[in-house]
Each structure stands twice: as C-alpha cells, then as structure tokens.
Ligand code: URA
C-alpha cells in the first residue's frame, strides 16, 4: 500500500494482542503502548543519517559512524497520543515535544482545535505525529495541515492500529506523508470505532471509562 508501512515483528504482534484484550488493565495498557511505541520507533528512525567520526579504541585509532544530528519533534495528538511519547523519547531522547489538542464536533464531525503548542524551530525539525488509532483520519489530517502551515517539511505519522477507511482518507489528502502502524484492522463501525480494535485508546490509557 502506498506510503503505508505495517511494522511487522513477532514482539509487536504479541504485545498488540494483549493490548486488545478487554481484561488488560490501564496500567498494563500504558506499559504496552509505551513498549509498542519504542519498537515502532526503530522502524520509523531506520533512515536516520549517519556520519563518520574519528575515535580511539583501547587498541587503535579508527573511523566509525554515529548519528548525524537530526532534530526531531514528536507531536502527540491529545489525549491518547500522550501514551506514545515516552516510547519514542526513550529511542530519540533529544526530541522536542509539540502538543495538539483536538476533539471531534459531534454535529459536523470535523476536528476542533483546543490546544496547540509547537517548538518555535519546528520548520527545521523532522516531525513524528503520534496517535494510537487511525480511525476516520480527521484528527491526523488536521494535524498534518497545522504542521505544514508551520512550514514543517518532513512529517511522518505513527499509529498503533489503523483501518482501511482512515488510511484512504489520509493518503488521499496527503499521499506524500509516510504512515507507520502495527496492524491494519478490518473496518470502522457506525460509531467510528475500529473493528476488532481495542476500544477507546484514551479511556483505556487513562482509566476514564
Ligand atoms: N479512537 C479510539 O480510541 N478507538 C477507536 O476504535 C477509534 C478511534
């Protein structure tokens, strides 16, 4: 599928199955989301550039590679996206964090923004938008637009679960934006929940059901 990477790994599949289970507690759910995010961060950062540096080992002088400075901003979509931040900052500790708060107007079904705080140098950073669920795509499309308006040129999107409807919406609006997810489920139901899914990711993360 165009620009969509399903991060396929037995550890990810195993953790995702436990995440889906109704009996998984909020504490376990938070831990699983963090671990899944770190595992996915490996794939998302796979193309980060390296540069040569000269070092000395106990044996000799040598030229080896380290990460070239790459400035990253992680952008969680509030509130469920918060659950993915620590998993990413464990892998990219120097990343800045920008926050976007959105809710869906029940009448118009459009995203309404209630909070936005992005680093002032966002135009120079690679942005990684995180939100566990790609359902209708309304929130992530809105967030991509905000980042583009802030002159962000390099944007990736990371979800734990996606569905065909959400993928179609985002890839139609922004075909150039890479999407990463751990699985693509069957469909969205009439309440815009992913099926089989895992329920409401925000409620499960924060125990607010
Ligand atoms: N958001 C969720 O938290 N769960 C879904 O299934 C869809 C959107």
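Using the three backbone atoms N, Cα and C, a Cβ is placed for every residue, glycine included.
Nobody curates TrEMBL annotations by hand; they come from automatic prediction.
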Checking TrEMBL, the member of 27, 79 that binds 5-phospho-alpha-D-ribose 1-diphosphate with 104, 131, 132, 133, 134, 135, 136, 137, 138, 139, 200 is 79
Three-class DSSP secondary structure - residue 139 (5-phospho-alpha-D-ribose 1-diphosphate binding site): helix
Among 131, 137, 139, 200, the binding-site residues in the record, which have a C-beta under 6 A from ligand 1? 200
Integer mean pLDDT for the domain 'Phosphoribosyltransferase' (6-208): 96
Listed in sequence order, the binding-site residues within 10 angstroms (C-alpha to C-alpha) of residue 131 (5-phospho-alpha-D-ribose 1-diphosphate binding site) out of 194, 200, 201 are 201
Starting from the Cα of residue 201 (uracil binding site), work out which of the binding-site residues (135, 137, 139) are within 10 Å. none
Within a 10 Å radius of its Cβ, which of these binding-site residues (131, 200) has the fewest neighbouring Cβ atoms? 200
